[in-house]
Amino acid sequence: MEVIHGRPYCCRELEGADILSNTFYSNGLHTPYETTIRPTASEDRYQELRQALPQCRLRWGADREYGGMLPVSLPEEHRPKCEPPRLMSKGHQHYGFGGEIWPKKLPIEQYYYLTQNKKSDLYGNDSLLPKPPNSTVGEICSSYPIEHPYHTHISRGAMFPAFTSPKDLYTGVKARTQQPFPPTLPTKTYDSTILKTRGNPYRYELLDLPTDSKKKALTWPGQSVYYDFPKCVEKNKPVFYPKPPKTFAPNSSVTPWDTMTSAKDANIQRNLERSHWLTSYTHDFTGLGPMSPLELDDYREKELAELTGQIGFDPQPQEKFHPSLKPPRPLDGRIARLIQNQRPLEATVQIPPSCPDCTPRVLCAFHTFIPSSAEMMAMNDHLLSGLTHKNQNIEDKIKEEQRLLSTYALPSSYESKDMGSLFDLHSLPKITDTKKSDDLYWRQLDVKPLPIARSKSNHYIDYEPHKSTYRDPYAMCLNPVRLSKSNILQNKTDMADLTFDNYLRKPEFLGTDIESSDETRPLLNWISRAGVPKHHTNFRDFKNSFSRSMAHKRLHNSIQEEQKDLRDKLQCGMRHQFYGHNSHYFYN
């Protein structure tokens, strides 16, 4: 078929010059005039110019058929002197159109670019190979990938995946360069040589067992794909049915087996492989809940172990952090502070001193050497609770006060008077305003002096109305009378009798020499709440007095309004549907 040198520009379909290969344009020997120019304008501009190009309308609806207005194709010996006009030509009859083929007895140009079929890049006809005189055919020997014919029914990967990396320190490329090989690196089997003569019943095998320094590392062939060689003149006949990759390699490697680039990445990949060896029971039940994420990057620790000379340092991946049970929120108040070993909260209220002459920082001359009633009460409380062996500081303080009393020189107005005479003469109340002058302070008032309290041994104070301190740890004092009547102010008492035994006597003998009548109230009657016993609290009775059922009953009785039926579907107010269910099912 003759090649017609022309451009089918009359056909409305695209010629598809953009999708042809470069061979169509580079071959100037066969088709010198069909090297079309690729459009350099944009696609939108190209469509706009194509629509604006005036085209003649084909007759009989021929624009919808395969074909177009083409020049008449005639042989060279029958070509007329003048070029005949273009005629309607039909293309390849891919689908029959039911009409008569017109024109007749003329060669028809095949338009392969109108369909999905690919046109030959070199020739205008259907010949795919050049003729032997025009080309030389040579045999090419190159490897090509080959697989088993039943490879589609054979799994490519192994059932248990392998994480072996060429960058691994123990099984990778670096481990293969070290001899002797580590125990983690597999080696090839020994070579066996079989010596047997045909027809000889005796079989002789020669086994070569190399030493560790001469062993070779085991390699898995066909990690990526198998290549086979075609049958050539200088090559042997290839194996037609190769073995599938699974029979050789456990699994195909993702990365190529090249030189190691990062030992740290290989160590992380090995730890990742070992982390998959942990069972679900070990991962979920550690005693402290599920296992935390593992620390996969321990390359620094392994380097330090290698520098220090440790052999076989390959620990299991450890957890990044160990979970710890968080203690529950402690109770509020006194119990919480006791659990946390903290000081219990106390009100910091400064109690005014019992003596008007004393200040919180400076004591008067009388209480500087003689202990106050509060100190006396503290000493007796410690004695009654059986903890006298822990009060060495109090004993040392009292002994020091006794020593000071023995060496203290009284003023001139008290030189020839003892404690009894001092109480008789100076028992009148004084003006306690210390901001006044000393003359006003020492001036006596014109009032009747108080009766003198005498020591009588036949008087007895009843202790029945008061609880014992041994059974009630919340009591403030042993005897309310003891706070208001101190034994240091007893009449006819010498200073030499003021010993440690007088301070630390038993409670039943401490107040027997003191009268409890209203007429014999002592001078130290300004102590606040001296004769009033403290209210005894019982936390256990308060706890047992609470009843949950009674509290619910009082709560329901306090609600006087009529209870609403939650089953009523009201359109106003709060909603009654929760999670698709009526609130009646959640009521109590």
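Glycine residues also receive a Cβ, built from the backbone N, Cα and C atoms like all the rest.
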Phosphotyrosine: annotated position in Swiss-Prot, out of Y281, Y441, Y503: Y441
Selected residue, Swiss-Prot feature phosphothreonine, from candidates T40, T152, T219, T469: T219
Pick from S73, S413, S421: which does Swiss-Prot describe as phosphoserine? S421
Whole-Å Cα distance, S545 (phosphoserine) to T219 (phosphothreonine), is 85
Mapped onto three states, the DSSP assignment of K543 (SUMO2 cross-link) reads helix
